[in-house]
Structure formats: C-alpha cells, structure tokens
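What follows is a structure written as structure tokens; I'll ask about it next.
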Amino acid sequence: MTLTAPGRDRDRGRAPGGRPPSRYPSGRRLLLSTDHKRIGLLVLGTSLALLFLLGVLALLMRAQLARPESGFLDSAVYNQFFTIHGSGMIYLVMTPFAIGLGVYLVPLQVGAPNIALPRTTLLGYWLYATGAVIMLAGFATPHGAHAAGWFSYPPLADGRYSPGPGSDMWVAGVFLSTAGVILMGWAVLWTALRKRAEGMTMLRMPLFSWSMVATCLMVIGAFPALLAALVLLGIGRADPSVFDSNLWIIGYQHLFWFYGHPVVYVMFFPYLAAVGEVLATFARRPFFGFRLTVLSLLVFAGLSMSVWGHHMFTTGQATNDYYSLTSIALLVPAGIEYFAMLGTILGGALVFRPPMLFALAFIPQFLIGGLTGIMVGTPVIDYQAHDSYFVVAHLHYVLFAGSAFGLFAAFYFWFPKVTGAMLDDRLSHVHFWLLVAGTNLTFLPMFFLGLQGMSRRIVSYAEFDGFGTLNLLASIGAGLLAVAMLVFVYNVWTSLRWPRPAGDDPWQGQTLEWATSSPPPRLNYTPEHPLPPITSYAPLYDLRRTEDGRAH
Amino acid sequence: MLTRHPALLVVAGWTLFNGLLFALLAGYGEGAVAMWLWAGSLALLAGATAAVLWSVRRGPEQHRRYRLVTGGAAAVLPAAAGAGLLGLATVYGWWMAALAVPVLALAALLALAGT
C-alpha cells in the first residue's frame with residue numbers, strides 16, 4: 001500500500017524521536033481530526049452519552065406509570081419526555097451509533113488508510129451534534145420541549161396544537177442531525193465501494209462492511225424523505241392551514257414512514273452483522289452461509305423500502321394488500337440470516353466471553369421483536385394492536401432487546417481494539433445478566449398490557465383498568481436496566497483508568513482490523529503492522545489455519 | 001461493465017430492485033403522493049449509480065495507492081455553526097439567518113484556504 005501527500009493534515013502520526021503520542025487525543029486534535037477513527041469515536045461517544053440521558057427520561061416515565069393514578073409527572077412534562085426519549089433514541093442514538101460504527105470500522109475492514117470524504121464525514125458529525133443540542137435545548141424554552149411524539153403527525157404537531165419554540169427547535173434539530181447522518185452514510189458507502197485495498201474484492205468484505213453497504217444504500221435512498229417531511233412540517237407550523245388539506249396530512253405520513261421504516265433496518269443491520277462477526281469469532285469458524293447472507297441483506301434492504309405503508313393501515317388510505325405482502329416477504333431474508341447465525345453456532349466450538357453472551361441473547365430476543373413485527377404487519381392484527389402497548393413492546397424488543405444487545409456485543413468486541421484495554425469480565429457478566437433480566441421484565445409485560453387495551457403515550461391509568469401489576473413489573477425492570485447501565489459505566493471507567501493491555505488480537509478475530517495494533521495507528525496499517533494477504537472474508541482465520549497446518 | 005465492476009453491480013442492482021417493487025406498487029394502484037415520493041427516491045438512487053459509474057471509469061476497483069486529504073478541517077466547525085444558526089432562524093426569525101451569513105462565509109474562506 002502506498003500513501004501520497006498527507007501534507008498539512010495536522011493530526012497525522014508524529015515523527016520518530018518526537019514526543020510520544022498521547023494515549024487519548026484531546027482538544028482540537030480530537031474535535032477537528034479527519035482521522036476516521038477519531039470521527040467515529042466522536043459519533044460513538046456522543047450517541048452513548050445521549051443513550052444515558054434519554055434513558056433517564058424513560059426511567060422517569062416508568063416511575064410515573066408504576067402505580068395507577070400517579071401524579072409523579074405532570075402530563076405536559078410526560079408528553080415531552082416520551083417525545084424526546086423516542087425521537088432522541090432513534091435520531092440521536094441508535095442510528096448515529098450504527099453509522100458511527102461504520103465510520104470507525106469499515107476503512108479498517110477494507111484495508112484503507114482512511115474513510116472517503118473525511119471532511120464531509122466530520123461535517124456530518126458536527127451537524128449531528130448541533131442538531132442534538134438544538135433538539136434538547138427545547139426543554140429550556142417557555143413551552144418546554146416538543147411533545148407530539150417521535151413521528152409528530154400533523155395536525156397535532158402543527159403550530160395550532162403544538163405551539164412554542166420547543167417544537168420548532170425539534171424540527172430544526174432533527175433536520176440537522178439527519179442531514180449529518182446522511183453525509184456520514186454516504187462517506188461510509190463510498191469507502192466500502194471505492195476504497196478497498198488490493199485483494200479486497202467485494203465478496204471478501206466482511207459481513208459488517210456488507211451490512212454497512214446495505215444500510216447506507218437505505219440512508220441515501222430513504223433519509224432525504226425525512227428532510228422533506230420536516231420541511232413540510234415546518235411550513236405547516238408557520239401556516240397551519242396547509243394541514244387543512246387531507247392531501248398534506250396523508251402526504252406527511254407517507255414522507256415520514258418512507259424514512260421511518262428503513263430507519264428500523266438502519267438501526268438493525270449493523271448490529272446484526274456485528275453479532276454475526278462475534279458469533280463467528282467465538283465459534284472459532286467462518287460465518288456460515290456468508291454469500292447467501294450478503295444477498296439476503298441486500299434483498300432485505302430493498303424490500304424494506306417498500307413496506308412503509310404498513311404503518312398507515314389504519315388510515316384506510318394505503319394499499320394494504322401490497323404493503324402487507326412485502327412486509328410478510330421480509331420473513332424470507334430474515335429467515336436466511338437467522339439460519340446463518342444458527343449454522344455458525346451449531347458448527348462451532350463456542351467460547352463464552354462477554355461479547356458472545358450479548359450476541360447469543362440477541363438471537364431469541366430479536367426474534368420476538370421480529371415476529372411480532374410480522375404480526376402487526378398484517379392488517380387484521382394491526383387494526384387491533386395499533387397505538388397500543390403491544391406496539392411499544394414490539395418496537396422495544398426490536399430496538400432494545402435486539403439492536404441494543406447487538407450494540408453491546410459490538411462494544412465489548414471492539415473495545416479492546418479501539419482502546420487497547422480489556423474490560424473486566426466479571427463486571428461485564430454482571431452487566432449482561434442484569435440487562436437480560438431488566439429487558440425482559442420491562443418489555444415483555446407490555447405485550448400483555450397492549451392486548452388488555454392499554455394505549456401507548458398515556459400519562460396515567462385508573463386502578464380499575466387492571467394495568468397496575470404489569471406496569472409495576474415493567475417499572476421494576478426499568479430499575480434493573482438502570483443498575484445494569486451503572487455497572488457498564490463503572491466497568492468502562494475503571495478499564496480506561498487502570499487499563500489491562502489487550503494486545504492486538506485478544507479474541508482471535510477473523511477480519512483485517514485485528515491485524516493492526518490496538519488502538520490502530522493514524523493510517524491504520526504500517527510496516528510494523530502490514531495488511532495480511534486478503535484471501536477471503538475471514539483472512540486472519542485463513543492465516544491462522546495455514547500456520548496451524550504448517551506447524552503440524 | 002457490470003461484472004467487471006461489482007461495486008456498480010451492487011448499486012445498480014439495488015436501484016433496479018427498487019424499481020421493480022415500485023412498478024409492482026403501481027400495479028396495485030397506490031395514490032399519486034406515494035408514487036411521486038418513491039420516484040424521487042429512485043432518482044436519488046439513480047444519481048448514486050451514476051456517481052459510482054463515473055468513479056469506476058476513472059479509477060481502479062481496488063487500491064494499491066491512496067491519495068489522502070491534504071488540508072485541515074477548520075472549516076467544518078463554522079460550517080456546522082452556520083447551519084445551526086440557519087436552523088434556529090426557522091425558530092426565532094430570519095434575522096438569525098443574517099448572523100449565519102458571515103459564519104458560513106468564514107467556513108467557505110477556510111475551506112478555500114485549505115486550513
């Protein structure tokens with residue numbers, strides 16, 4: 001690999017003999033670096049910080065719902081909390097974290113020294129961060145933050161029914177954040193398509209990089225629809241008479257859900273692929289059914305662009321037959337991916353380290369989210385379950401029991417590579433078991449609450465409704481989740497404060513990033529840590545097998 | 001062309017698959033708003049396909065030599081701040097857009113200077 005003209009880029013590697021580089025970059029070097037790893041860390045760090053902040057809002061909501069007729073939170077405040085919790089988790093946490101993983105990992109996995117369009121990527125981060133600040137600053141305005149739900153349908157979200165600058169700030173903040181994510185997604189896609197090292201053919205890209213290709217195709221195809229929806233909402237807030245016409249009310253829903261369904265897969269594919277890489281590494285074998293899984297990811301992503309209308313079944317103004325057909329067709333690629341994951345486990349010699357635990361828990365938990373998604377993708381069931389806690393349970397099984405477990409599998413897996421330090425295994429196990437217990441205790445009762453008729457977004461319920469016990473269980477589960485997250489933070493903090501060196505490849509990884517140092521150097525691969533021969537989608541596994549063969 | 005350039009094959013194939021699903025939806029008689037919406041998305045994907053086509057004609061499929069970014073990224077912060085001010089202008093009035101102009105001009109100057 002030859003590199004030309006790093007030139008005036010001020011944060012490149014230091015000259016030999018100079019002061020050794022600090023372990024953690026700071027100030028200008030971090031905030032304005034064009035190194036994809038630092039931009040990736042900015043995105044991942046910001047979204048994790050927001051995960052905790054928005055998680056606190058959820059905890060306060062669960063405190064309100066723990067008992068019937070509770071007055072812990074005012075209804076206006078409750079509305080703001082569920083809106084900012086829901087929209088923040090989607091626009092500011094799960095989606096950016098998924099793209100941030102791509103920013104950090106894809107150049108390493110395809111053997112490139114940096115991401116394509118690094119300054120555009122950095123601009124994407126800063127737009128995302130600026131949008132997050134503007135969105136959350138709504139709490140400081142006289143009417144408080146936006147309170148019309150994460151999809152903010154008009155006319156509820158227009159200037160008549162949601163007055164005040166908090167809602168306008170929400171529109172501006174979501175617009176900026178989404179624009180930033182689109183820029184970052186485009187850079188990740190271009191890196192995978194056009195910046196691969198010699199020998200890295202498309203079919204030798206690891207599963208995670210392939211998932212980012214599928215993910216970023218959805219980002220560039222679907223996310224601009226959200227920008228258009230927000231422009232329409234902004235116009236409608238300035239002149240609410242726009243939404244006197246049914247055309248624009250339904251038009252807004254189409255625009256929103258054209259983004260709103262693919263974004264679920266943007267928040268799923270990277271985590272699914274991370275789980276796939278973890279399963280293969282800790283099963284000590286290459287990923288089973290790799291090519292078919294890659295194809296299924298692309299088909300899955302393509303189909304996901306065609307199912308948005310299933311969120312609009314109850315409007316009576318969508319072509320239900322078509323959207324139901326394509327929604328159920330999603331089972332085919334999803335089934336292939338599940339068989340591939342199970343095939344990887346069944347043929348392997350499993351090692352139960354913390355990333356593997358999260359990956360294994362992902363499989364059944366996401367299955368619950370996925371199958372209930374197929375249920376509500378069927379009009380007859382959706383008419384019954386729409387706007388009930390059944391839907392809340394379904395989406396949390398997808399995004400928390402599924403994607404967040406994939407997020408943690410990825411975090412535990414790549415933390416040693418990113419920081420050069422190992423996390424504490426004992427604390428990781430405590431985090432895992434608390435998280436499993438808390439997740440299922442929180443979200444499983446919500447299915448039954450939905451079936452019993454509890455509506456989503458309600459601030460309180462009467463004692464005679466009979467929702468009390470299940471809500472109390474869900475709130476206890478939320479408390480467990482909070483404790484789990486505190487254990488996680490403590491583990492990360494102590495591991496960074498008193499690091500135990502991880503070495504370059506603590507897990508016997510299979511993909512290129514494990515061939516370089518931990519943390520990787522500025523340009524990813526150096527003469528001391530050169531690119532190994534790229535023989536397949538698991539080149540380090542091949543190398544290890546060849547060396548074992550020679551030894552025998 | 002497509003078989004020699006798998007990156008192009010992926011993006012073009014994905015766009016075509018979307019086009020196929022779009023045609024199927026048209027067959028079901030979906031309303032005009034939804035059809036225009038998806039057609040707009042298809043245009044974006046066609047643009048992405050064209051960009052990849054342009055790129056594969058100019059450069060190799062895989063790289064032995066990389067050209068790295070030579071300038072700094074100082075323009076990025078004022079650019080994002082300017083965009084933020086424009087966003088806030090939609091909340092607090094268009095006078096804030098006037099504040100965004102010099103900030104965005106500074107970003108443009110820094111970008112041109114390559115610092």
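Any Cβ shown, glycine's included, is placed from N, Cα and C.
When I checked TrEMBL for this same protein, it listed these features:
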DOMAIN    A:26-535  domain 'Cytochrome oxidase subunit I profile'
REGION    A:1-28  region 'Disordered'
TRANSMEM  A:39-61  transmembrane segment
TRANSMEM  A:81-106  transmembrane segment
TRANSMEM  A:126-149  transmembrane segment
TRANSMEM  A:169-193  transmembrane segment
TRANSMEM  A:213-236  transmembrane segment
TRANSMEM  A:256-276  transmembrane segment
TRANSMEM  A:288-308  transmembrane segment
TRANSMEM  A:328-352  transmembrane segment
TRANSMEM  A:359-381  transmembrane segment
TRANSMEM  A:393-415  transmembrane segment
TRANSMEM  A:427-450  transmembrane segment
TRANSMEM  A:470-493  transmembrane segment
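How buried are these features, and what lies next to them?
Cβ atoms under 8 Å from those of the transmembrane segment (A:81-106) belong to residues 36-37, 39-44, 46-48, 50-51, 53-54, 57-58, 60-61, 73, 115, 121, 128, 131-132, 135-136, 138-139, 145-150, 152, 170, 174, 177-178, 180-181, 184-185, 187-188, 191-192, 208-209, 212, 215-216, 219, 263, 266-267, 269-271, 274, 399, 403-404, 407, 410, 414, 418, 457, 513 of the same chain, restricted to positions at least 6 beyond its ends.
Residues 272, 275-276, 279-280, 282-285, 287-290, 292-293, 296-297, 299-300, 303-304, 307, 360, 363, 367, 370, 374, 377-378 of the same chain, all 6+ positions outside the transmembrane segment (A:328-352), place their C-beta atoms under 8 angstroms from a C-beta of that stretch.
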Please give the average pLDDT for the domain 'Cytochrome oxidase subunit I profile' (A:26-535) in this predicted model.
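Computed over the domain 'Cytochrome oxidase subunit I profile' (A:26-535), the mean pLDDT is 95 on the 0 to 100 scale.
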Where among A:39-61, A:213-236, A:288-308, A:393-415 do we find the most Cβ pairs under 8 Å to the transmembrane segment (A:126-149)?
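Maximum Cβ contact count belongs to A:39-61.
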Who are the chain neighbours of the transmembrane segment (A:359-381) in space, where the CB to CB distance is under 8 Å and they lie at least 6 residues beyond its ends?
268, 271-272, 274-275, 278-279, 282, 307, 310, 313, 320, 323-324, 327-328, 330-331, 334, 338, 341-342, 345, 390-391, 393-399, 401-403, 405-406, 409, 432, 436, 439-440, 447
